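Participant: Feature table excerpt (TrEMBL):
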REGION    B:1-22  region 'Disordered'
TRANSMEM  B:41-59  transmembrane segment
TRANSMEM  B:104-124  transmembrane segment
TRANSMEM  B:145-169  transmembrane segment
TRANSMEM  B:181-203  transmembrane segment
TRANSMEM  B:215-237  transmembrane segment
TRANSMEM  B:257-276  transmembrane segment
TRANSMEM  B:316-337  transmembrane segment
TRANSMEM  B:357-382  transmembrane segment
TRANSMEM  B:411-437  transmembrane segment
TRANSMEM  B:443-470  transmembrane segment
TRANSMEM  B:477-498  transmembrane segment
TRANSMEM  B:518-541  transmembrane segment
Amino acid sequence: MTTAIDVAGVVKTFGPVRALDGLDLKVSTGEVHGFLGPNGAGKSTTIRVLLGLLRADSGTARLLGGDPWNDAVALHRRLAYVPGDVNLWPNLTGGEAIDLLGRLRGGLDEKRRQELLERFDLDPAKKGRTYSKGNRQKVALVAALASDVELLILDEPTSGLDPLMEAVFNEVIDEWKDDGKTVLLSSHILTEVEKLCDRVSIIRAGTIVEAGTLSELRHLTRTAIAAETEQPATGLERLPGIHDLDAEGRRVRFSVDTAQLDGAMKHLTQFGIQTLTSQPPTLEELFMRHYGDELAAEEAVAEAGASS
Amino acid sequence: MSVATAGPRPGHHAAARSGGSTLTGTGTMIRFVLRRDRVRLPIWIGAIVLSVVGSLPAFPETYPTAADRQARAALLDNPATVALTGPAYGTDDYTFGAMTANELLGFVAIAVALMSVLLMVRHTRAEEETGRTELLRAGVLGRHAPTTAAFVVVAGANLLIGLLLAVLMPATLAELSASSSLLFGAAVASVGLVFTGVGALAAQVTEHARAATGIGAAAVGVAFALRAIGDVGNAALSWMSPIGWAQRTRVYVDDRWWPLLLAVGLTVVLVALAFATTSRRDVGAGLVPPRPGSPRGRAGLSTPFGLALRLQRGGLIGWGVGLVVFGLAYGSLASSIEEFVSDNSTLQDMLGDSGTLIDGFMAIVVLMMALLAAAYGLTAVLRLRSEETSGRGEPVLATAVSRVRFAGSHLAVAVGGSLLLMLAGGLSLALTASLALDDASVFGTLLGAAVAHLPGIWLVIAVAVALVGLAPQLVHLSWVVLTYGVVVGVLGGFFQFPGWVTKISPFQAASPLPGGDLGTVAVVIMVVLAVALFGIGLLGFRRRDMTTT
């Protein structure tokens, strides 16, 4: 499998701020890659380095086999980009903006342009300033999706879309995937990433903290179990990988590392399971574990610092 | 605290009613406007006050004796100079006071007028266009609070300018009496007040801050033109201009306060109209409802240059109309000057024929056109920067458009646009002047004079381009170069600066035209320098990060 995006050890600083701190990111050709992280983690900075809008301080970045900074124009013919915060020209209509951006990239597929306008239910005759946030995003999406390119770079493309339009977006991206095209999808909407993506990279404070396929990542997550047993279940606390144990009479609740699920179940059956609910591991849970605890700790430190 | 929210409190509803005024929150908004402009306001106020007060010490140095001053007065009292500065009065006994009023008041009036329009639109329509007003108005903020707060601050800035002038002018030049200086300050402030009202109203008419500023600036131009034509010919026209009212106080000579009442009255009317309009329209809307546009981009909208041209088309047309009108107005004055000289035998003996005076007048008119065209060029280059900071440039640069092509397109519009402006203004001036004087040879010389200013204009643009490439945060410093050209070019005749001070102005080489000789060496140097700065700017733009701050 060839690599569409290959970033290794990229550092980008803005004054004293290290926005990217040795970032590694690999996206194979033909995959839909989820790029996850909270606000300010460095997702947009990474994308802007990949687009040659920012120059990395150190490290290497390769995009479609070229150098994003030096070969920007040639590479940009082969990719389309949707910014997270779409800002249109106030006195240009949406249709004009779509045509302009498409032509600057090297041409639009007319049939596809029309089809996308209908699917996204977008009126191209309105002026840029009269569009809502979601409609501005649709303008950028139609401009990008109506071009014949190998790679789509999408920066939180659905943050302004309603659920109906999100469904349309998901369909369109699935079609792209079927055509064997590559997508880098930056997002903090985890269900969207779970639905669309083959592989995921999670960024935090300018570095990738987890990367892998969804099933690989699920291994890192915990399954939440709630059970009622014939006899009170004991000894769970001695098992590896059990967290947040809460036993009350014959009811027991705990979460278990996915890798240790089998052992926990075998242990439970000894007590005679009467009811059992399990909550499958979600990306959200993984995400929260990577950010929630640490962020809470950081906030506590910051607060302590501010109050002293 | 939970007790207080548990049930209705006595007086709670009364408070809600009394707080329901359309002016609620004005005090907070005033502090907010002051906070946003804590640098901008002192710069405007300081620059305007210092430009007047700083000029005063030069009066006794340049014109030490009464005879010197009378010689200056003789130069002043002709249609050419009157059209440029204002009605010449007190020329029989040309005191320092009369000198201050005649030579400075007209220019300070334009400065405060522009300041007032720019600041008013910045705090009203510009905020509304970005959607920030919506955020504020969703809070406890009355409908009229944003406009009122902006008006209070900008009107306050004008009054402060007036007050500082009234205090500092007599302190700097003892010959200026305190009471007359107070009137001078009030006259300056009155012009500012009117254009604060103009800005408030212009902000209601259109949805775009740029267009609102354009309307306000056009109003300043109209006020100046009315005064110019009125002062030379039909005085009734001057009475229709706020700048004319300020000059008709005949400050330092007759000290009439009453013309300023007109300014106060007009301000009240303008602000009342702005308030009435705000009450009738939606937040974010103008008086002209938006129409749907073309669902498809025309063939021209396929290149970065097509985009740059499309974005700047409206502005270029506005500036073009302004320069054409300017050329028509001043070109038509040529015959008045000719008549004046042929009626005045002493002047005829002094000058030989009317040619010298007309040439001198036309040289200043063409210079002013060049300064205006350069100002357009700067706004065109600054558009490149605002496309970058607004994030609109990003999707364009993410297509197969190189940085140099992107920046070069805006640069081409700036360079080509200033060329078109000089041709349009030059043609209208040359045509009307040659018709008025019935002399076809004037046409060629005037058009040539307009074209000869282009290298200087392009050098100013090139400075801005270099800054965009190398130090984008400092790009507004390019206005300093233009301001220098304005000060040296327009006020230089009066102050008689040292030679090198005038020589380094980019507008100096072509300023002897028509009539004098073009500074060819300087033109070559400027062209080379401009090309070098263009190159440096584009190279810098290619090498640096695209920023949104």
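Placed from the backbone N, Cα and C atoms, the Cβ positions cover glycine too.
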Participant: With a Cβ cut-off under 8 Å, give me the same-chain residues at least six positions beyond the ends of the transmembrane segment (B:215-237) that come close to it.
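Facilitator: Sequence-distant neighbours of the transmembrane segment (B:215-237): 79, 82-84, 86-87, 106, 110, 113-114, 117-118, 120-121, 195, 198-199, 202, 205-206, 243-244, 247, 318, 322, 325-326, 329-330, 333, 336.
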Participant: If I count Cβ-Cβ pairs under 8 A between the transmembrane segment (B:316-337) and each of B:181-203, B:357-382, B:411-437, B:443-470, B:477-498, which range comes out on top?
Facilitator: B:411-437
Participant: Do any residues of this chain, six or more beyond the ends of the transmembrane segment (B:357-382), have a C-beta under 8 angstroms from a C-beta of it, and if so which?
Facilitator: 78, 80-81, 83-84, 312, 315-316, 319, 322-323, 326-327, 330-331, 333-334, 337-338, 341, 347, 351, 410-411, 413-415, 417-418, 421-422, 425-426, 429, 433, 437, 446, 449-450, 453, 456-458, 460-461, 464-465, 468, 475-476, 478-479, 482, 485-486, 489-490, 493, 507, 510-516
Participant: Under 8 Å for C-beta pairs, could you tell me which stretch among B:181-203, B:257-276, B:411-437, B:477-498 has the largest tally with the transmembrane segment (B:443-470)?
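Facilitator: When the Cβ pairs under 8 Å are tallied, B:411-437 comes out ahead.
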Participant: Are there residues at least six beyond either end of the transmembrane segment (B:411-437) with Cβ under 8 Å to its Cβ atoms? List them, or say none.
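Facilitator: Residues 305, 308-309, 312, 316, 319-320, 323-328, 330-335, 338, 358, 362, 365-366, 369-370, 372-374, 376-378, 380-381, 384, 443-444, 446-447, 449-451, 453-454, 457-458, 461, 465, 534, 537-538.
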Participant: Hey, which bits of the same chain come close to the transmembrane segment (B:257-276), Cβ under 8 Å, at least six residues off its ends?
Facilitator: 144, 147, 151, 183, 186-187, 190-191, 193-194, 196-198, 200-201, 203-204, 242, 245-246, 248-249
